[in-house]
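Asks: Next up is a structure, given as structure tokens.
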Amino acid sequence: MSLKEKTQSLFANAFGYPATHTIQAPGRVNLIGEHTDYNDGFVLPCAIDYQTVISCAPRDDRKVRVMAADYENQLDEFSLDAPIVAHENYQWANYVRGVVKHLQLRNNSFGGVDMVISGNVPQGAGLSSSASLEVAVGTVLQQLYHLPLDGAQIALNGQEAENQFVGCNCGIMDQLISALGKKDHALLIDCRSLGTKAVSMPKGVAVVIINSNFKRTLVGSEYNTRREQCETGARFFQQPALRDVTIEEFNAVAHELDPIVAKHVRHILTENARTVEAASALEQGDLKRMGELMAESHASMRDDFEITVPQIDTLVEIVKAVIGDKGGVRMTGGGFGGCIVALIPEELVPAVQQAVAEQYEAKTGIKETFYVCKPSQGAGQC
């Protein structure tokens, strides 16, 4: 049974009438451009065919009823006429409440709604299950009540909800790609202007995501440290963000910076340049060059930005040994564990899967999780 069928059937059973709409919003993977988003730089993600699906209908009153199919059909109810505060017990409900609350601040011309939510974006894998939920809820209200909001506004609303209501400090990339993703394309995003450019993906290439299943422990504290060091670097160059510093300017005075800060700044500058070039390589179908850029990105994250772990490096090496120069592989996400992403000709996927199954657990003691994805369409009706 598809997520659409599941949520529609649950909706009819729970609420006693049929849903009028079913909306989906996808998760995402970032192909290249790591830690560049909060430096006003460039990222190159694609939406994936794992999504949050919501069957829904408008109500003729001011009540919101939400059922979470993936959490034993827990039900949350709240009113649009009372202050929206955090739910004491259901963390999932706070993503919904946060989106609704922040949407009221943007455009309060919507009424009540019934929703049943289900999703298959793996949680805790860095594939943006939370952003896909936020964008799905925003799209539900936009579609049901014909709100004059575009995908970028729905994305910004989701980011605000996560930052201010849920209390997690994320960039804009995850929500933006979920809202604006395009089938068979990646999206080059300028994180300063929020401008986007669709980049066609070569035919016959699979997007493979492999979760190392190494439990991330350092990610919060180390992420914040990296962010502060990048801000220190921007101040040193008297620029608003590292996006405004050229590699030539950096090389001329790198010796004056703290050596650790200098290495971390260098990663951001080189990664921005790689990301822009990667968009061109992909568009031209040059998988060999894309692979080189992904390899350089991984080396930079490992040696300059220092955010990989041995388990991730091992996974990358296993995949690289199989694909050679026919594709690319690198760590993706915040670092200190999580996933790797690989662009692989479809005919090589079984060989990669076999090599990883045979070697990764033997070398690390951890069993990986393997996902084969397609670049998918952003949020909308399904």
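Cβ coordinates are placed from backbone N, Cα and C, and glycine is handled just like the others.
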Asks: With GLU34, HIS35, THR36, ASP37 listed by Swiss-Prot as binding substrate, identify the candidate in TYR95, TYR145, TYR223 belonging to that site.
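Replies: Candidate listed by Swiss-Prot for the same site: TYR223.
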Asks: I'd like to confirm something. Which of the binding-site residues, GLU34, ASP37, SER129, TYR223, has a Cα closest to the Cα of ARG28 (site 'Transition state stabilizer')?
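Replies: When the Cα distances are compared, SER129 comes out closest.
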Asks: Identify which of the recorded positions GLU34, ASP37, GLU162, ASP174 has its Cβ surrounded by the largest number of other Cβ atoms within 10 Å, counting every protein chain shown.
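Replies: Checking each of GLU34, ASP37, GLU162, ASP174, the winner is ASP174.
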Asks: Find, among the binding-site residues listed as ALA125, LEU127, the one whose Cβ has the highest number of other Cβ atoms within 10 Å in the structure shown.
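Replies: Most Cβ neighbours within 10 Å: LEU127.
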Asks: Show which residues of the chain containing SER130 (ATP binding site), separated from it by at least 6 in sequence, have their CB under 8 Å from its CB.
Replies: TYR95, GLU162, VAL166, CYS168, ASP174
Asks: Give the distance between the Cα atoms of TYR223 (substrate binding site) and GLY126 (ATP binding site), rounded to the nearest whole Å.
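Replies: That separation, Cα to Cα, works out to 14 Å.
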Asks: Out of GLY124, GLY126, which of the binding-site residues has the smallest number of neighbouring Cβ atoms within 10 Å?
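Replies: The binding-site residues GLY124, GLY126 were compared, and GLY124 has the fewest Cβ atoms within 10 Å.
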